[in-house]
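Pulled from TrEMBL:
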type	residues	note
ACT_SITE	Glu273	active site, proton donor
ACT_SITE	Glu543	active site, proton donor
COMPBIAS	59-98	compositional bias 'Polar residues'
DISULFID	Cys486-Cys529	disulfide bond
REGION	59-100	region 'Disordered'
REGION	707-798	region 'Disordered'
TRANSMEM	135-159	transmembrane segment
Amino acid sequence: MNNRDPFNLRRIPGPALSILQSRASNLGEHLARGANKAAEVGRNVLQEVSNEAAASMSSYAPNFQNGPTQRHPEQWQSAQSKYAPSTSSSGNGISETVSGLFGGEKKDGLPMYKDKPFSYPGSRRKVAWWKQKRTVAAVLTTFAVISWWFGILSPLSYFTRDEAPATQKTESKTSWFGGGGGAALDWNSRAQKVKEAFKLSFDGYNKYAWGHDEFHPVSKGKRQMVPNGMGWIIVDALDTMMIMNLTDEVAQARQWIHHNLTYDQDHDVNTFETTIRMLGGLLSAHYLSNRVEETYAMVDDDLGDDLYIEKATDLADRLLGAYETTSGVPLASVNLHTQLGIPSHADGGASSTAEATTLQLEMKYLANLTGENNYWEHAEHVMQVVDDNNAKDGLVPIFIYADSGNFRGENIRLGSRGDSYYEYLIKQFLQTSQQEPVYQAMWNETLAGVKKNLITYSAPSNFTVLAERPNGLGGKLSPKMDHLVCFMPGTIALAATGGLPLNQAKAQPNWGPRQDEDMRLAEELMNTCWGMYKTSPIGLAGEITHFNLHDPPLMYEEFTADNRPTPPAAFDTSGLGDEFVGHEDFMIKGADAHNLQRPETIESLFYMWRITGDEKYRNWGWEMFESFVKWTAVEDGTGYTSLTSVLTTPPPQKDNMESFWLAETLKYFYLLFSPTDILPLTDVVFNTEAHAFPRFQLGKLFKTGWERKPRDTNGKLLESPNPKVETRADDAAAKQTPTLEKIVVPDPAGQTPEPKAGKAEEPAAAAAPEAEKPLQAEAGRDPVTGKEAAEGPQVVQA
């Protein structure tokens, strides 16, 4: 990769970056005019010197023996470039270019060091060396060569120059002239490129869809999810703007939130998505603007410091209606005006387990800010209900009935509808400064269960795969990984170290062989997630990847740390697609080949870099960012879009920008390339939408309001050793799936509970078992209403 051309604009000019090129061309013309003026001054100086000097110019050539001064070599040469910089300037190209910049045709230009010296009659007067024409020419020529080489005189230099001085640099393998030993990568300038990409996306939204919940950058379409808008993009992207110090954008967003945003709307919204994106976004913005020592895009207006927390409290009060069920497990949706919960319109009315258990960080932080216990108690009680179901090996089915609190079916996966349950276990432990050990115990149990039941290896190259058990832990292993699963490497590393750098974590008294094993697993899964990008011909992963497995599957617990399978070392340095070493193990099916600009892999790269300090994770992230810029950029420069297929070159564009592109993906890219003292992992936890909350102490007001029921040495409940899995008469999917225990829990009053909302619970349509349902049906559900999305691009679940 050539750092003088990080977006590949010189070699592959494309209409997708036409706006960047036009801006660069204008700046190039301006610089060229300046260069001509400088040349004219130089000629005048030479003329004055010639009038004084009667001697001919010296015949020696400028001395380039030691090479140019390495002031900012990272501006032009990357460690990953396959093109070594030239060690000679004797070719006609560079010399004639520089001569042209300083005065037209070569015959009229300054003589270069490769040219023969002109002959002049001798002089008896000795001219000072600094007044000799040849010396001046050499100085000017040297300056011109260095300027061109550094990109100062290049028409595209505007987009490859450094925007800020580097504070973190990494020694690369390529020296100034390609001989090894010294060029440094300027990661701050790369963070600046991410900031520019964010601005490009947000400017397009601002121009064509401001105030709307959806933006379709190709067609310039827009749509509201509720009549007056939810602030879906504005609120979700708000803390990213603040971290990037985009003051003007933050000021505009604050005005819109104050004057236009209201949550008193008679409309159903998805409880989970509204909590993580809207409530989380407002709480993070409040934290960054009020409760940190650093200044994040401080705005001087008359809207007050409580703008965000007031909106957050109003929204949370409306969301609490979803928790008013017999079990306390929240319903899938809630009407914001009536504050009545509404069961899912699919899945037999069951709630997603991940959705019901990924509300706790937000509600607990709001309770900490306001001192109101009800937010804490509602969210905390859900965790008790789920744990009391006694999931085997800590692995929970992906659906749960809100009225009874029992699981529906036995589908076990860490992808869609299962993922963030596990994520929030360890993050709840860290959020309250490790004062609630119950959540660490639950995490440890689940990670042991993952190793025992779900970790296997691909064939023939032995990549580590986190598979699924769609028919329960006793059923067949499914060699499938959603892109969503790639949150797991970073989360495992975070759990093992508590967010400390690895060298510090290893010095802690609680570090032992289990933590070493967990870190190795995190690294192995990170390799696999990176391979999901490398196996695509465009360097971007599909929504789902399948794997070829050994027959019978090789399971994690069959091996020790000394003989565990590993992929070939060459996979990292190999090319894309069929050139990727190990591509035979990966399979992206046509129906799963879309790319929604998801954040999970870059999220884990961010955690792995912060914790291990291994530079390869930053390099992988930069390659990913280049692929996003190259392939998802909209033709007229109004932003970036999702893709229909990563198997086609060029990939067809989907005409949809998810809010998590701004809220998560670009934020994690920016943090990956930025100094590590921005939002240290020991100070904050990120919710599942990448919104930053502070760690805090429980204090006198809050405590863990529940305890785990007694268990035997195998982790089973003493009073009820089998998981509570419920089968209902109208649950077609559950009837086709064998269950571990069939329990129907009646309402305490002896009646079947009615939904809190005025709507009757809809029976599930006869369908294939959950294992056979395509993910698109889940991803296509409107995150606000919880209903199946209409035709056209829609926002999908985070």
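Each Cβ is built from the backbone N, Cα and C atoms, and glycine gets one as well.
It should be emphasised that the depicted structure is a prediction, and the values quoted were computed from it without experimental measurement.
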Alpha-carbon distance [Glu543 (active site, proton donor); Cys529 (disulfide bond)] in Å: 12
Cα distance (Å, whole number) from Glu543 (active site, proton donor) to Cys486 (disulfide bond): 11
Cβ neighbours of Glu273 (active site, proton donor) where a neighbour is any other Cβ within 10 Å: 27
Rounded Cα separation (Å) that holds between Glu543 (active site, proton donor) and Glu273 (active site, proton donor): 19
Glu273 (active site, proton donor) in three-state DSSP notation: helix
Recorded positions listed as Cys529, Glu543, least Cβ neighbours within 10 Å: Glu543
Packing count at Cys486 (disulfide bond) (other Cβ atoms within 10 Å of its Cβ): 31
